[in-house]
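Below you'll find the structure, written out as structure tokens, and then a few comments.
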Amino acid sequence: MDESTGRLIVLQTPRLIEPLRPRIVTSVAQDIRLHCRAETEEMLDVAYIWRHNTMRIRDIDVKNSNNRLLLSGEYLYINNATFSDAGEYECIVKSAVGQISSKSNIIVEGPPGPPGGLQVVGIQRTSVILTWTDGASHGRPILAYTISGRTNWDNTWVNITHGVQAVEIDRYTGRKEANIDNILTPWSIYEFRVNAWNELGMGFPSAPSPRHSTPADRPYLPPSNINGGGGKIGDLTITWTPLKPEEQNGPGVHYKIFWKQKEHETEFQTLVLKEYGNIGRAVVYIALDYYYTEYIVKVQAINEVGPGPESQEVVIYSAEDMPQVAPQLVVATSYNSTALNVTWNAIDQTRVNVRGKLIGHRIKYWKADNLEETSVYYLSRTVRPWTLIVGLQPDTYYFVKVMAYNSAGEGPESERYLERTYRKAPQKPPTSVHVFGVDPSTVRVVWRYIQPSLEEEPVQGYKIRIWEIDHDMSTANDTVIPVGGKLEAYINNLSPGKTYRMRVLAFSNGGDGRMSSPTLTFQMGAPAFFRSGSSTNYKSFTVTSIVALTLTTLFYVGCFLEKF
């Protein structure tokens with residue numbers, strides 16, 4: 001009898017150790033982790049398969065999810081959950097001898113869905129009645145609504161009102177209705193949208209409603225920015241900001257202006273500007289004697305339905321007249337070779353004299369050898385009674401006149417005044433300029449005398465101009481040395497170790513002359529280079545220069561000291 005033997009191996013099908021939770025409730029934008037773990041035979045290969053609403057989640061689905069989905073064997077990660085992630089999830093554990101599965105139902109809650117079927121069932125000048133059907137509640141009850149709108153004046157959606165409570169008007173369809181009062185603008189074409197919100201936030205808006213027009217009404221707002229003034233004598237100019245299209249509330253908008261003198265208890269005079277439309281400026285004519293006079297004015301908007309509210313009263317001035325008085329006691333004095341300083345007695349700034357608000361003065365000047373028709377004007381926009389005329393020729397006589405001016409123009413000319421500018425400033429620079437160290441903070445500067453020509457003013461003195469090397473020359477300090485003494489100067493309070501630049505110039509009544517060249521650059525010595533004693537006299541000598549530059553000369557200003 002033949003026999004055969006064999007080996008029988010009995011393998012167990014997969015068994016769930018950690019099944020999916022039957023129900024998971026989360027909210028929009030939260031992260032979800034699903035974990036499904038099974039026990040299988042070690043010798044068998046095992047596969048985890050995930051399904052969403054019976055559809056297998058494939059690798060391509062994970063790749064196209066923009067990192068929202070991640071599959072890792074027994075784990076499924078869903079990041080930043082959306083409403084589309086809700087539904088039934090199934091985890092299938094499969095081996096060669098069998099399979100087992102576990103399911104979970106995920107509910108994603110969030111803000112309500114957009115309402116539908118939005119209709120306008122009644123609209124008035126400022127009110128509207130809207131009806132709609134709620135969208136999906138997404139797990140939380142709807143608490144209130146926000147109504148937004150846009151008009152033919154502005155295509156931007158704007159929230160009209162918040163926290164609207166709607167009434168259910170049809171329990172079978174769930175139709176809702178809301179009254180929006182005293183919000184809309186008359187004479188406008190509206191579209192509306194509705195957003196529902198719950199404790200998780202505001203949902204997306206509904207589709208826009210059909211367009212509806214509000215009836216016209218009188219203007220609700222007065223014109224703003226009431227102002228005025230200016231123009232020619234006899235004008236009373238009133239200005240304002242016209243109503244915007246969305247503020248006009250009806251066709252045919254125009255304005256009514258009111259005016260009266262501030263100092264007189266009289267009724268307002270009025271003028272309706274119907275034929276001018278939506279303007280922002282009007283001019284009425286008053287007696288010429290009422291130049292620069294205070295008036296109380298206001299403006300009112302009117303359309304075809306009726307008048308709107310009047311604006312606040314504002315005080316303005318009528319147009320100015322030209323000044324009637326000339327500056328007195330005009331005097332010009334030489335300032336330097338190219339400038340005259342002009343002074344005069346200040347005008348008494350009364351209404352009768354200035355006939356407006358004094359803005360400044362106009363200075364008229366011309367060479368004495370020329371005709372007055374060749375004159376040049378300088379405008380001084382200040383009320384101070386002096387000014388400086390610059391850009392003149394040296395050693396030249398000029399006639400000068402002064403006039404006051406306001407917004408209407410200039411007044412009469414003053415008497416002319418004749419004055420000569422100084423001769424030229426020194427045209428030659430000082431030469432043979434040298435600098436010597438005295439102590440760590442003092443230097444001695446010497447130079448040669450300048451002989452002015454006949455075209456130049458006599459030299460009055462010299463200026464030693466010193467500044468730090470890392471600063472601009474505008475920061476320089478001047479040491480002034482009058483003529484009549486030695487041609488030398490001691491410059492004190494310099495900083496030991498610092499490097500300075502220096503130039504020397506002569507000056508006169510004609511102004512500052514040309515500066516010495518090249519610029520001298522020197523460094524102050526350190527205190528270690530100097531010795532002092534209470535009973536010993538010392539004499540300073542200059543250390544020889546150590547660097548020569550193309551445009552400047554650098555000296556190291558130290559000292560060695562020698563006993564007398």
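Glycine too: its Cβ is placed from the backbone N, Cα and C atoms.
Note that TrEMBL annotation is computational and uncurated.
These features come from TrEMBL:
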type	residues	note
DOMAIN	14-107	domain 'Ig-like'
DOMAIN	114-217	domain 'Fibronectin type-III'
DOMAIN	222-321	domain 'Fibronectin type-III'
DOMAIN	326-424	domain 'Fibronectin type-III'
DOMAIN	429-527	domain 'Fibronectin type-III'
TRANSMEM	541-561	transmembrane segment
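Mean pLDDT for the domain 'Fibronectin type-III' (114-217) in the predicted structure: 96. Secondary structure counts, DSSP: the domain 'Ig-like' (14-107) has 8 helix, 52 strand, 34 coil. Within the domain 'Fibronectin type-III' (326-424), the DSSP-based counts of helix, strand and coil residues read 7 helix, 50 strand, 42 coil. In the domain 'Fibronectin type-III' (222-321), the DSSP tally of helix, strand and coil residues is 9 helix, 46 strand, 45 coil.
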